[in-house]
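S.K.: Take this structure, written in C-alpha cells, and hold onto it; I'll ask about it next.
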C-alpha cells in the first residue's frame, strides 16, 4: 500500500473560499463623531448615538454622498414636457428650449428675436420673421442670399440704382451718392496728344474741375485729351427723370469716329451733374475726354420737375418739358386734408407753362392768399383751417361725414379782365369723436392741457355722447336722462407726438356733486380696470390709441341725489417705454390709490329724469370704430368762368 504522503513527493490540495461583503444601501450611518460625516451630509446627535444622513439632492449612507441626478430618475423632477431638465449639484433646474424664455406666469414664452436689434443674425437689409421658438431672415426683393447674407445681382436693383461692391458684399446704391472723382486737367478736348490709356478704369465716376464735367457728345479729333484715340459719348445725356441709361462711348482713330467702342452707363443727378459707369477701353492708347465748355454747375439742388441748365455760362434750374401742360384741365392739383388744416397746391412749373409768370391766388376770403413752397417740387399753395368760417370755408354735415368746401381763385395779374379761373375743392372727414366735437355748436365737453417734457403739450378732452357710435355729442352745459339711459363717455388726445403716446384712463368715477374730491364716489374704472360688479359697464377702448371710450347705465346716488358728475383721471402712456394696455383679472380688489387731481377731467351735471325712459342702450352701430382723422373723400373740381 502506497503512502499518500511521502517525504520525497507530496501533493497538497488547498481550497480557498473568498467572501465579498456588500453593505446594504442605507440613508444613514452611525459615526463616532460628526467629523466622519460627508460634507454633503447632515449630522444628528441623539444622546450617545451619532448618525450621518445625506442631504436632499444627494444619495449615499451619510459617510459617502454623491449627487443624485434627478433628471435621470423618473419622477424625481417636476419639469413639464415643454421644458428641459438640467442637473445641478444637489438639485436641478427646468430650462426652456432655445428660442423660448421662462416666464413665471406663462411658462416657456416665445422670444421674439425680431423685436430688438441684436437678437437675430439677419443681414441689415433682410426682413426678420419671428416664428414659434425660432425666426427666419428674408432678403429684400432684388437680393440673393439666405437672409443672414444678402447680395444684389446685376439688373436686380430698382430704377436709378446699381448693384456695386461695397467691402465684401454687393449692394444696391444710388451712383449719384456713391462714386469716384476724376479731376484731371488733361482730359479736356483742348489738350494735346499723349499716351494715356484708361485701362484701369471701371465703375461709377464723376468728372470735376476746369477740364469739364461731362463727356463730349461729338467726335473728338485724334491726338487730343493726352491720348492717341480720344473717347466721346455717342448719343445725348439723359434728363434726371430717366434714371440710369445705357450708352456707347466711341474712340476716334484712323478716320473712323467710332473705330472702337465701349459700353457705358450715364445718370443725371440732382444738382446739375452726371455720373458715368465707365469700362476699360478695348485697346490702348484710348482715354475718355471731357468737354471744357461744360464747367462745374452752380445750381442749387433742383426739384424733380426741374433740370440744371447752363445759359450763357450761368447755371440755373429750369422746368422740364415733360411737366408742361397746355390745358387748364390738365393742371395738377395736390389736395391735403389734414387734422386741422386743408391745403391745395398747384405746380409752379405747370402754371408757368400755362403763361402764369406771376401767380395771384386766394380763397373766398381774399385775406387767405397763396404762397410758394419748395419741397420735392415748387408749389403755389393756399391753406384754410378745417373749420366753418375761416377763409370763407363752408361746413356741411350728414349722418356720417363732415365736409369743408372752399374755392380757389387764380389770376396772373392784379386786375382781371378776360378770365376768372376758379377751382372748387372740398375735404370730407368721417364723423369720429374729434370731428363730431369740432362740428358741434355747444358740445358738453371738458378739456385739460398736459405738458410732457421734450415732446410738447397735449390737450385731452372728455365728452358725453348719445349713442355707441360716439358721433353725436350732447349739446349744452347739462343733460337730463332717465336711469334707463346709457352714458357714452369718450376721451381723446390732441397735439404732440400721437405716434408715441396713447391715452390711458386710470380712474373714472361719479360723484353727486361737482367736487371731484367728494368722498362719495362710484368708481366706473379703478386702477385702469372697469368695476367688475357692475355688468352695465363696458370699456370699449383704453390704453390702445389716442382715444378712450366707455359706457355705463345712468344711475342716481342713494339719498335723493338727482345730479351725477363724471370725473376721469387720465395718463399719457409712452408706448416706447411702458406697457399701456390694461390687463384686468376677473376678480379685482380696491387698491385705494391716490388720484392726481391735476390730471382729472370733469363733466356734468347729468340730471336724473324721473320715471321717463330715455334712450336705451343701442346696438353697435354699423359704422364700427372709425379711424381717427382718416379722410375718405378728397375732391377737387376745376371750373372756368367768364367775368
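The count begins at 1 with the first shown residue.
From the backbone N, Cα and C atoms, a Cβ is placed for every residue, glycine too.
According to Swiss-Prot, the record shows the following:
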- 1-26: signal peptide (SIGNAL)
- 54-65: disulfide bond (DISULFID)
- 67-109: domain 'EGF-like 2' (DOMAIN)
- 96-108: disulfide bond (DISULFID)
- 114-128: disulfide bond (DISULFID)
- 122-137: disulfide bond (DISULFID)
- 152-163: disulfide bond (DISULFID)
- 152-173: region 'Beta hairpin' (REGION)
- 157-172: disulfide bond (DISULFID)
- 176-269: disulfide bond (DISULFID)
- 197-284: disulfide bond (DISULFID)
- 250-258: disulfide bond (DISULFID)
- 336-431: region 'ZP-N' (REGION)
- 337-427: disulfide bond (DISULFID)
- 432-455: region 'Flexible ZP-N/ZP-C linker' (REGION)
- 456-587: region 'ZP-C' (REGION)
- 456-466: region 'Internal hydrophobic patch (IHP)' (REGION)
- 508-568: disulfide bond (DISULFID)
- 529-584: disulfide bond (DISULFID)
S.K.: Between 122, 163, 269, 337, 568, which of the disulfide-bonded residues has the fewest other CB atoms within 10 angstroms in the structure shown?
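M.R.: Minimum Cβ neighbour count within 10 Å, taken over the disulfide-bonded residues 122, 163, 269, 337, 568, occurs at 163.
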S.K.: Taking Cα-Cα distance, which of the disulfide-bonded residues 65, 172, 250 are within 10 Å of residue 152 (disulfide bond)?
M.R.: 172
S.K.: Please report how many Å separate the Cα atom of residue 176 (disulfide bond) from that of residue 163 (disulfide bond), as a whole number.
M.R.: 13
S.K.: From the disulfide-bonded residues 54, 163, 427, 529, pick the residue whose C-alpha lies nearest to the C-alpha of residue 284 (disulfide bond).
M.R.: 163
S.K.: Quick check on the disulfide-bonded residues: of 108, 152, whose CB has the lowest count of neighbouring CB atoms inside 10 Å?
M.R.: 108
S.K.: Does anything in the same chain, at least 6 positions from residue 584 (disulfide bond), have a Cβ under 8 Å from its Cβ, and if so what?
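M.R.: When sequence neighbours closer than 6 are ignored, residue 584 (disulfide bond) has 528, 529, 530 within Cβ distance under 8 Å.
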S.K.: Can you tell which of 114, 250 has the most other C-beta atoms within 10 Å, given these are the disulfide-bonded residues?
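M.R.: Buried the deepest by this measure is 250.
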S.K.: Using a Cβ cut-off under 8 Å, which residues of the same chain at least 6 positions beyond either end of the domain 'EGF-like 2' (67-109) come close to it?
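M.R.: Non-local partners: 40, 55-59, 132-135.
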S.K.: Counting distance between Cα atoms, which of the disulfide-bonded residues 108, 122, 157, 163 is nearest residue 427 (disulfide bond)?
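M.R.: The answer is 157.
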S.K.: Among 172, 258, 427, 529, all listed as disulfide-bonded residues, which has the most CB atoms within 10 Å of its CB?
M.R.: 427
S.K.: Against which stretches of its own chain does the region 'Flexible ZP-N/ZP-C linker' (432-455) lie, if we need a Cβ under 8 Å and a gap of at least six residues from its ends?
M.R.: 386-388, 395, 397, 402, 461-465, 470-479, 490, 492, 494, 496-497, 500-501, 547, 549, 570, 572, 599-603, 626-629
S.K.: If you measure C-alpha to C-alpha, which of 128, 197, 258, 568 (disulfide-bonded residues) come within 10 angstroms of residue 137 (disulfide bond)?
M.R.: 128
S.K.: For the disulfide-bonded residues listed here (54, 197), which one has the lowest count of neighbouring CB atoms within 10 Å of its own CB?
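M.R.: Comparing Cβ neighbour counts within 10 Å for the disulfide-bonded residues 54, 197 gives 197.
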S.K.: For residue 508 (disulfide bond) and residue 54 (disulfide bond), what Cα-Cα distance in Å is obtained after rounding to a whole number?
M.R.: 60
S.K.: Note the mean pLDDT of the region 'Flexible ZP-N/ZP-C linker' (432-455), expressed as a whole number.
M.R.: 79
S.K.: Specify the nearest of the disulfide-bonded residues 54, 96, 122, 157, 163 to residue 337 (disulfide bond), where nearness means the distance between Cα atoms.
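M.R.: Going through 54, 96, 122, 157, 163 one by one, the Cα closest to that of residue 337 (disulfide bond) is 157.
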S.K.: Summarise the region 'Internal hydrophobic patch (IHP)' (456-466) by DSSP state, stating how many residues are helix, strand and coil.
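M.R.: With helix first, then strand, then coil, the region 'Internal hydrophobic patch (IHP)' (456-466) has 0 helix, 10 strand, 1 coil.
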